[in-house]
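Peer 1: Annotations per TrEMBL:
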- 10-154: domain 'RDD' (DOMAIN)
- 12-34: transmembrane segment (TRANSMEM)
- 46-68: transmembrane segment (TRANSMEM)
- 89-115: transmembrane segment (TRANSMEM)
- 121-140: transmembrane segment (TRANSMEM)
- 176-192: transmembrane segment (TRANSMEM)
Amino acid sequence: MQDIQHPYIAGFWLRFFAAFIDSILVAVVCYVISLCLKNTLTTYPILFTCIGFILVAAYFAICNSHFNQGQTFGKQILKIKVVDLNGQYISLYASFVRAVLTYAPSCLMTVTLYIDSLVVSIFINFALATIYAFTVYLFVFNRHNRRTVHDYATKTIVIHENVAASPIQTIWKGHFAFLGIILALIVTYFFIQTQVYTGTQQDTLVKLKQLQSNILTTQIASQTIHEDGKTFIMAIYNVQVDDLNLLYNSDFAQRFAENLNQISPQTLNENNFILLGVQAGYQFGFANRNEINMYQIERTDQGVEVTEQVSTLNQF
């Protein structure tokens, strides 16, 4: 990505490779910790997602502050550093805010899996997606000064280590129009999500969670479908559990189906298509594991039956 000639400011590729080096370093540490604490992380996913995020933010906050002369390990190798607009090293507080804005989208992307309310989950995802999209756009296209969201929020800039200071150019005003378009697209997408997939049956979800102690959260995404003159509901019950062994436990899925039939028998009528996703996993900083096993729930002459569908694994 070509920069407008400005030798004082660190260019796109220097910042990119510095971030890449740091990300690999931090990811290895997070991955080792997650392997050692796998079962504990799965049992308390929200707690350790937040702890992992704080540790990642702490590394970047301390290194990019005056404590380490504005340089992470990657920045030291590439000979660039973070300073304020006056060329001074920044405080630990400013550096922490900067790190939070930078790494919240990547370190907190799974936290909404553990929130019962689908609407709240969508709102959090909207906020994280907006921060991420704005950050990437400015990082790539703001060639005048290479400042992005966390830089503007904390009044910082990334510069070359041994280049004399020079005036900093302002952002091209046209970028605000593009950011507005990006925001409009994100708002539209999440608005459609809230309309098509509506978190309903809250009482039912609470009861289902209470009846099985291993359930952390239960969400439902449902959609009314009109096809060939018929109307039916397609619903996916997403159940987050605290034990990886329950993913392939058909007895657990069968019990859930029976509880659903007892609490809300009208849900399992012959016209509806009901899926159950049993999900378990964790995120610790840059280390992320998420596994889901899908079942179809049907009412038959013999009672309620579950049929295993497909399993997926997402791990880094």
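Glycine residues also receive a Cβ, built from the backbone N, Cα and C atoms like all the rest.
From a predicted model like this one, the values you see are computed outputs, not experimental measurements.
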Peer 1: Among 46-68, 89-115, 121-140, which stretch has the most Cβ pairs under 8 Å to the transmembrane segment (12-34)?
Peer 2: 46-68
Peer 1: I'm a bit unsure how to read this: which one of 46-68, 89-115, 121-140 has the highest number of Cβ pairs shorter than 8 Å with the transmembrane segment (176-192)?
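Peer 2: That would be 121-140.
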